[in-house]
Amino acid sequence: MTASIGKTNLLGLTQPEMEKFFDSIGEKRFRAGQVMKWIHHFGVDDFDAMTNVGKALREKLKAVAEIRGPEVVSEDISSDGTRKWVVRVASGSCVETVYIPQGKRGTLCVSSQAGCALDCSFCSTGKQGFNSNLTAAEVIGQVWIANKSFGSVPATVDRAITNVVMMGMGEPLLNFDNVIAAMHLMMDDLGYGISKRRVTLSTSGVVPMIDELAKHIDVSLALSLHAPNDALRNQLVPINKKYPLKMLLESCQRYMSALGEKRVLTIEYTLLKDVNDKLEHAVEMIELLKDVPCKINLIPFNPFPHSGYERPSNNAIRRFQDQLHHAGFNVTVRTTRGEDIDAACGQLVGQVLDRTRRSERYIAVRELSADADMPQSAATRT
């Protein structure tokens with residue numbers, strides 16, 4: 001949908017922002033709740049469809065505001081029920097959103113940026129450079145689009161989307177304000193009413209923003225670890241050179257402590273053949289995380305062209321898992337979903353208009369991890 005010049009896009013406004021908007025046009029604040037319900041509960045993008053809003057106000061809204069989500073380029077459905085949407089954002093780039101059904105739970109994986117500046121060596125999103133931050137409307141718009149696609153009207157009844165993970169393209173903490181606003185809308189009863197424990201933000205480790213996070217929102221936290229020591233993580237996740245593991249894990253523990261509840265950090269660990277999948281790496285990981293309340297998601301690498309990495313054997317994956325399991329950690333191995341529509345872990349596709357490497361376009365890849373309440377193995381740490 002093309003932007004209308006000078007009009008306010010209501011899709012990305014939080015409740016306080018929506019109330020300020022209605023103040024600014026001389027209307028009462030209760031109108032904010034009315035309009036938000038139409039937008040998020042019923043997926044409406046036409047003011048004339050808002051039957052409990054008077055005609056005069058509808059005409060005023062049409063003159064000064066719009067409800068505009070990202071443009072849906074394509075929607076694919078896998079044989080296992082996984083869905084993938086390619087959406088075009090205002091920068092001209094396309095990003096992807098993936099829905100993973102599992103029993104009564106449905107998890108939506110949402111992107112926060114077009115491209116990424118972190119340049120993780122096993123992720124081709126980083127190879128294409130950073131293009132743009134998504135607006136709050138473009139972030140929450142992915143939930144809005146998916147919800148409408150499922151016909152979940154109102155959004156809070158018999159919902160298809162029970163969990164949202166900020167694990168798509170980009171580093172969410174480098175688009176802090178827009179991601180925070182979108183997550184508030186995910187949890188707001190006037191938005192999508194999703195429990196705070198079912199909204200997960202995944203980060204590669206932007207320490208100052210992890211410390212800032214607890215001041216603004218209470219959601220589950222996942223850490224893209226991928227290596228058990230600084231030397232290896234410096235190679236795989238270059239931001240580690242700025243924020244090494246000790247500093248990073250301390251910031252994660254500060255975040256969890258600040259929430260004042262017993263929380264568990266989700267650790268994401270992509271297994272790369274002969275790189276970080278040896279038993280010695282598992283032993284290092286046990287030592288590194290021994291004092292961190294956490295659960296561990298092991299993600300076997302899904303190769304993409306020219307990645308330079310391979311998926312470990314099933315035996316290697318099982319040995320690594322068993323080593324952690326025997327040390328008392330909750331450990332799961334990610335099951336490949338949506339492979340036939342390129343929606344599996346490490347297969348997300350997005351055409352990004354690259355401002356930092358204009359001569360190349362790459363298939364965008366960002367690991368897709370489980371939602372915050374993914375069932376765990378029987379082992380429990382004491």
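Any Cβ shown, glycine's included, is placed from N, Cα and C.
Record check: Swiss-Prot places GLY170, GLU171, SER224, LEU225, HIS226, ASN302 at the S-adenosyl-L-methionine site, and the matching candidate among SER149, SER202, SER313 is SER202. Taking the C-alpha positions, the distance from ASN302 (S-adenosyl-L-methionine binding site) to CYS123 ([4Fe-4S] cluster binding site) comes to 10 Å. In the three-state DSSP scheme, LEU225 (S-adenosyl-L-methionine binding site) falls into the coil class.
Note: the Cα of CYS116 ([4Fe-4S] cluster binding site) and the Cα of HIS226 (S-adenosyl-L-methionine binding site) are spaced 17 Å from each other.
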